[in-house]
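Taken from Swiss-Prot as is:
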- 1-61: domain 'MADS-box' (DOMAIN)
- 90-112: region 'Disordered' (REGION)
- 193-217: region 'Disordered' (REGION)
- 200-211: compositional bias 'Low complexity' (COMPBIAS)
- 258-268: compositional bias 'Polar residues' (COMPBIAS)
- 258-283: region 'Disordered' (REGION)
- 269-283: compositional bias 'Low complexity' (COMPBIAS)
- 312-340: region 'Disordered' (REGION)
- 318-332: compositional bias 'Basic and acidic residues' (COMPBIAS)
Amino acid sequence: MGRKKIQITRIQDERNRQVTFTKRKFGLMKKAYELSVLCDCEIALIVFNSTNKLFQYASTDMDKVLLKYTEYNEPHESRTNNDIMEALNRKEGNQGGGNSDDESPGPSTSPVIQITMPAVVNGHSSNNSVASAASASAAAVAAAAAAVAAVEGTSSGAAAAAAALQASNAQRHHNLNLYQNLIFNPNYTRHLNQRNDPLSSTSVAPSSSSSKHLDFPPSTSFAYDTSRLHPIAAADADCDLVPSSRAAADQNIWSSALQQRPVSQPAPSISNSSTNGISNGTSSLLSPNVSSLNGHSVLDLGGPNLPYKLDPNTYVKMEPHSPPEKRPRITTEWRPQQLT
């Protein structure tokens, strides 16, 4: 059943005519605004009612738009009521009474391609669902390209486009499986390294040249044996690691070390310096006790009893793996300087 055709004639009632004018005028300005925004154009709308009242609308500025109007002598398009009536009648006859505002058919719409996303389980998508989604998207894109090319009349181009899309999607599918195996399958990297052994063997050569420049290894990279150190260095190295039960063993080490050393000269006697302005307490500190251990002179500096004794005539260098005879000892006798 066709739609009833509406006759556009003058409204006889004055009140109804004013109401219709107000509504249609606002609708006309609204359409002009939409046209100016959507199509980026300038519009000047001038309306006089039945009592010669002026109503105007301009998208930017009326004077600027009218100035552009006066600059053009020949308008690109000019229509009157008769032209519009003919267009409306022709449109209603073709479309069966349609009331669409646009005369153009609008942009052509291509078939909608719907791609199903893979289901996510516990924050991770399964390999089968991702692979099926990739293959489905590849087939859909290839079909769409073939359909568009067929519409344009290029069958050979459609086949070439479909083949290219299938090749690219196959490579993408291969890369997708590789990434998923690297992320979700820890054992995959081991097999991947076994397959890429020729590549790894070729990369060994440049790394061997750079191995010549080695930094000092950390202390945790090798076992630190203090048995070959000098006794004092060994005691310093083991001070935080050796329990109190090894105090006797340390003293035995010192005894054996002192027995292996040659007999040194006795320490020079230090005269009493109290006559030089030094108190007796200070002179007692400057005149240490000299005792003997296994036939060797040993200097006793006082204070708490240490697990070992110091030999005053022996030069000991506090460095690991460094012999005591690295630098010569000053053998000349020294005397404390007098205070003036």
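The backbone N, Cα and C atoms fix where each Cβ goes, and this holds for glycine too.
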Whole-number mean of pLDDT values that fall within the domain 'MADS-box' (1-61): 88
Three-state composition of the domain 'MADS-box' (1-61), taking helix and strand from DSSP: 26 helix, 10 strand, 25 coil
